[in-house]
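**Q** For reference, TrEMBL lists these features for the protein:
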- 18-270: domain 'Xylose isomerase-like TIM barrel' (DOMAIN)
- His66, His106, Glu141: Zn(2+) 1 binding site (BINDING)
- Glu141, Asp174, His211, Glu256: Zn(2+) 2 binding site (BINDING)
- His177, Asp224, His226: Zn(2+) 3 binding site (BINDING)
Amino acid sequence: MLFGAHVSIAGGIDKAPERAAAIGCEVFQIFSRSPQGGHVAPITDELVGQMRENMRMYDQKEFYIHTPYILNLASAEKRIVENSVRMIRDELQRGSALGAKYVMTHLGSAKDSDAESAKKAVAENLKRILDAEHDTELLMEISAGAGAIVGSTFEDMAYFIDALKGYRLGVCLDTAHMFASGYDIRDPESVKKTFDLFDQIVGMSHLKMFHANDSQIGLGEKKDRHEHIGEGKIGLRGFEALIAEPRLQKFSFICETEHDKVADDIALLKDLRSKCSVQ
């Protein structure tokens, strides 16, 4: 069980390992480009070499890439869908070149179509993405469930896993998002029930990693509002229960909390890991 945070790539992607180490990360996450789109710096052989050297130098075990926020695989607009497919393919290729273990993405919002049609379209778009050559595995990140979001339930995750059997497609669970979507993780009993349910619907073999964020809003309120660990509605007891749950002890947890106290969040998670005697 390893802990880390999302870190900046200002000045170059190869600067991320040093920034990660400075706040106590064992693993970390980045955007490989602006989350709002725009100019994309090329991945050169020199950059790849420097990144690998810095990963070793700063003792970072793994890193992950989050796709830009502007993507929407569920859109009814062809231009948006084509840009989204192209960008995720590109991120998988960039991740493969850099050595990222996972690329994770939200699936999008079906504002202009019914839920079933949107899910079928997303599955087709994911297949187009996954048919392109890449080494890095793609993860679907669970969303908080606001509006017509696709991918906010375990059932949605299972639908896409089933539709894309034979492809390398996994799940990233964000603690704040899943809590906002109605999955309780505030105590040991709730954690056990929630992951029994996940195993039943999706299968634990498809779970690959976590985003560790407390939530400013309550259970099932379907809003995405991150809070520092132990300061939100999930609470410290919830994160201790997650860390103590035997089925979760092989996964990495990435904090996406405000940078002012993210080092404290990582330190707190490490303390809970020690308390629970987890390796």
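Cβ atoms are placed via backbone N, Cα and C, with glycine included.
TrEMBL entries are annotated by machine, without manual review.
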**Q** His66, His177, His226: which of these binding-site residues has the sparsest Cβ neighbourhood within 10 Å?
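**A** Least crowded of the binding-site residues His66, His177, His226, by Cβ count within 10 Å, is His226.
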**Q** Could you check what DSSP calls His177 (Zn(2+) 3 binding site) once collapsed to helix, strand or coil?
**A** helix
**Q** How many neighbouring Cβ atoms, not counting its own, are there within 10 Å of the Cβ of Asp224 (Zn(2+) 3 binding site)?
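**A** For Asp224 (Zn(2+) 3 binding site), the count of other Cβ atoms within 10 Å is 19.
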**Q** Please give me the CB contact count at 10 A for His106 (Zn(2+) 1 binding site), counting all chains in the structure.
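**A** A count of 26.
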**Q** In whole Å, how far does the CA atom of Glu256 (Zn(2+) 2 binding site) lie from that of Glu141 (Zn(2+) 1 binding site)?
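**A** Between the Cα atoms of Glu256 (Zn(2+) 2 binding site) and Glu141 (Zn(2+) 1 binding site), the distance comes to 13 Å.
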**Q** Please identify which of Glu141, Asp174, Glu256 has the densest Cβ environment, defined as other Cβ atoms within 10 Å, among these binding-site residues.
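**A** Of Glu141, Asp174, Glu256, the one with the most crowded Cβ is Asp174.
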**Q** What does the structure give for the C-alpha distance between Asp224 (Zn(2+) 3 binding site) and Glu141 (Zn(2+) 1 binding site)? Integer Å is fine.
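**A** So the alpha carbons of Asp224 (Zn(2+) 3 binding site) and Glu141 (Zn(2+) 1 binding site) sit roughly 13 Å from each other.
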**Q** Once near-sequence residues are set aside, which residues in the chain of His211 (Zn(2+) 2 binding site), 6 or more away, have Cβ atoms under 8 Å from its Cβ?
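**A** Sequence-distant Cβ neighbours: Glu141, Cys172, Leu173, Asp174, Thr175, Ala176, His177, Phe253, Ile254, Cys255, Glu256.
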**Q** If I take every residue in the domain 'Xylose isomerase-like TIM barrel' (18-270) and average their pLDDT values, what number comes out?
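**A** Over the domain 'Xylose isomerase-like TIM barrel' (18-270), the predicted model scores a mean pLDDT of 95.
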**Q** Which whole-number value in Å describes the distance between the Cα atoms of His106 (Zn(2+) 1 binding site) and His226 (Zn(2+) 3 binding site)?
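**A** About 16 Å separate the Cα atoms of these two residues.
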**Q** What three-state secondary structure does DSSP assign to Glu256 (Zn(2+) 2 binding site)?
**A** coil
**Q** For the Zn(2+) 2 site given as Glu141, Asp174, His211, Glu256, which other residues of the same chain have their Cβ within 8 Å of the site's Cβ centre?
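**A** Everything else in range on the chain: Met104, Ile142, Cys172, Leu173, Thr175, Ala176, His177, Phe210, Asn213, Ile254.
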